[in-house]
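Engineer: Once you've had a glance at the structure underneath, I'll fire off some questions.
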Amino acid sequence: MESKALLLVVLGVWLQSLTAFRGGVAAADAGRDFSDIESKFALRTPEDTAEDTCHLIPGLADSVSNCHFNHSSKTFVVIHGWTVTGMYESWVPKLVAALYKREPDSNVIVVDWLYRAQQHYPVSAGYTKLVGNDVARFINWMEEEFNYPLDNVHLLGYSLGAHAAGVAGSLTNKKVNRITGLDPAGPNFEYAEAPSRLSPDDADFVDVLHTFTRGSPGRSIGIQKPVGHVDIYPNGGTFQPGCNIGEAIRVIAERGLGDVDQLVKCSHERSIHLFIDSLLNEENPSKAYRCNSKEAFEKGLCLSCRKNRCNNLGYEINKVRAKRSSKMYLKTRSQMPYKVFHYQVKIHFSGTEDGKQHNQAFEISLYGTVAESENIPFTLPEVSTNKTYSFLIYTEVDIGELLMMKLKWISDSYFSWPDWWSSPSFVIERIRVKAGETQKKVIFCAREKVSHLQKGKDSAVFVKCHDKSLKKSG
């Protein structure tokens with residue numbers, strides 16, 4: 001807890017100077033003079049994903065042919081975010097390579113606004129309007145000069161770049177097909193009006209990944225509120241597995257706030273790597289589930305795919321446009337491939353135990369036709385007699401069709417005389433499980449008719465019920 005508190009203090013110091021930067025910008029210029037466009041547009045190739053070797057120059061038609069732009073294919077426009085170094089970050093060529101691997105005949109354009117992006121954050125935040133204006137004028141020129149269909153255009157913006165993409169989409173003559181916001185920046189944009197930030201109106205379809213929304217609104221690195229048609233919050237959107245808070249604090253303590261970018265990079269940049277994962281692992285897309293809150297999701301209450309309640313994360317997302325933004329959640333692994341398998345578990349505790357047990361630790365093991373996943377930890381905030389509890393667990397491997405499960409109640413880490421003298425226990429007759437990825441429901445019965453789950457003792461074993469009446473699921 002102290003580490004988390006220190007992290008928030010550090011971020012607070014870093015963000016304290018951020019004040020709203022109000023820089024107006026006119027609608028995309030319909031004139032033919034493009035000399036004032038400062039952003040550069042590099043068409044990278046599958047052979048050289050790391051270098052800007054050929055630039056498309058608005059107003060110069062020859063530059064488009066010289067770069068071998070494919071007029072019959074999709075175009076991806078990648079817009080980077082704020083930078084401390086003034087150089088491209090390592091994710092840029094990785095995303096370019098993944099896009100080309102998935103769509104070999106496409107055009108992948110990288111927008112260079114590095115000079116504007118390396119200014120003091122509020123200044124760079126204000127520049128997103130100018131960058132968006134540059135991008136819109138470039139797209140409009142391509143459409144007017146070459147009759148290039150904007151239905152083939154997909155903008156991908158990271159951090160501040162997501163808002164630049166939104167501004168661009170709002171200023172094009174026709175709507176572009178899609179904008180993907182990769183953890184859009186929060187400071188200066190959380191309370192901004194739609195014209196100056198990413199919003200659902202900026203493209204035919206807008207999907208957003210939120211991966212670092214830790215902190216109070218307006219001061220979190222990534223924007224917290226939904227800003228697309230579908231907004232996905234992996235691992236609740238606050239912090240990502242594998243991103244070490246303690247290590248980040250140690251780096252800041254040793255090197256100062258100059259390395260604050262290292263603090264935000266892991267979770268903030270995870271949005272990009274999740275999207276890259278969706279490009280490279282198309283056969284096994286991660287599944288996200290619509291839910292009113294991350295708390296409800298953690299209880300396993302949202303693993304439904306009825307009426308578009310679930311969707312694929314990333315490139316193969318289903319373009320669902322509801323009147324209100326859909327907030328969706330999922331769990332992920334700490335590294336690629338990020339896909340996990342979600343399960344809702346419902347257990348009814350009965351017996352003669354008096355009172356409530358608070359913050360109780362358990363372990364559950366699942367055994368299937370393909371593999372097994374053992375000793376998955378979970379904690380129930382409270383446990384009492386004659387109540388049913390629902391919670392979410394997930395496995396990092398596909399275990400196939402569920403066959404058996406074990407449940408263990410972990411003893412407290414501290415010594416307790418009552419537990420030593422007589423361990424509390426509950427009676428469990430059956431456990432209900434729903435698999436999110438397959439939507440299958442299974443009821444498990446105690447192997448010995450009823451199972452006595454005792455704290456700190458052996459696991460209780462449950463097998464699939466054979467009574468047909470039980471398979472009507474609940």
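Each residue, glycine too, has its Cβ placed from N, Cα and C.
Per Swiss-Prot, the features are:
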- 32-53: region 'Interaction with GPIHBP1' (REGION)
- C54-C67: disulfide bond (DISULFID)
- N70: N-linked glycosylation site (CARBOHYD)
- D183: active site, charge relay system (ACT_SITE)
- A194, R197, S199, D202: Ca(2+) binding site (BINDING)
- 243-266: region 'Essential for determining substrate specificity' (REGION)
- C243-C266: disulfide bond (DISULFID)
- H268: active site, charge relay system (ACT_SITE)
- C291-C310: disulfide bond (DISULFID)
- C302-C305: disulfide bond (DISULFID)
- 341-464: domain 'PLAT' (DOMAIN)
- N386: N-linked glycosylation site (CARBOHYD)
- 417-421: region 'Important for interaction with lipoprotein particles' (REGION)
- 430-434: region 'Important for heparin binding' (REGION)
- 443-467: region 'Interaction with GPIHBP1' (REGION)
- C445-C465: disulfide bond (DISULFID)
Engineer: Write out, in the order they occur in the sequence, the residues of the chain not among A194, R197, S199, D202 that have a C-beta within 8 Å of the mean position of the C-beta atoms of the recorded Ca(2+) site.
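Structural biologist: So the additional residues around the site are H163, G166, S170, P195, S196, L198, P200, D201, V227.
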Engineer: When DSSP states are folded down to helix, strand and coil, where does C266 (disulfide bond) land?
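Structural biologist: Reduced to three states, the DSSP call for C266 (disulfide bond) is helix.
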Engineer: State the residues, same chain only, that lie 6 or more residues beyond the ends of the region 'Important for heparin binding' (430-434) and have a CB under 8 A from a CB inside it; answer 'none' if no residue qualifies.
Structural biologist: 300, 303, 343-348, 402, 405, 407, 440-446, 462, 465, 470, 473-474
Engineer: Round to the nearest Å and give the CA-to-CA distance linking C266 (disulfide bond) with D202 (Ca(2+) binding site).
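Structural biologist: Checking the Cα atoms of C266 (disulfide bond) and D202 (Ca(2+) binding site) gives a distance of 28 Å.
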Engineer: Kindly state the mean pLDDT of the domain 'PLAT' (341-464) in the predicted structure.
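Structural biologist: 90, rounded to a whole number.
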Engineer: Using a Cβ-Cβ cut-off under 8 angstroms and a sequence gap of six or more, which residues of the chain neighbour C305 (disulfide bond)?
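Structural biologist: Those within reach of C305 (disulfide bond), by Cβ under 8 Å and sequence separation of 6 or more, are Y289, G436, Q439.
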Engineer: Other Cβ atoms within 10 Å is the metric here; tell me which of the disulfide-bonded residues C54, C266, C302, C445, C465 scores highest.
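Structural biologist: Selected residue: C302.
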Engineer: What does DSSP say about D202 (Ca(2+) binding site): helix, strand or coil?
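Structural biologist: It is helical.
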Engineer: For D202 (Ca(2+) binding site) and N386 (N-linked glycosylation site), determine the Cα separation and express it in whole Å.
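Structural biologist: Cα of D202 (Ca(2+) binding site) to Cα of N386 (N-linked glycosylation site) measures 51 Å after rounding.
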Engineer: Under a three-state reduction of DSSP output, how is A194 (Ca(2+) binding site) classified: helix, strand, or coil?
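Structural biologist: Where A194 (Ca(2+) binding site) sits, the three-state DSSP reduction gives helix.
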Engineer: For N70 (N-linked glycosylation site), identify the closest of the recorded positions C54, R197, C465, judging by Cα separation.
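Structural biologist: The answer is C54.
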Engineer: What does the structure give for the C-alpha distance between C291 (disulfide bond) and C54 (disulfide bond)? Integer Å is fine.
Structural biologist: 45
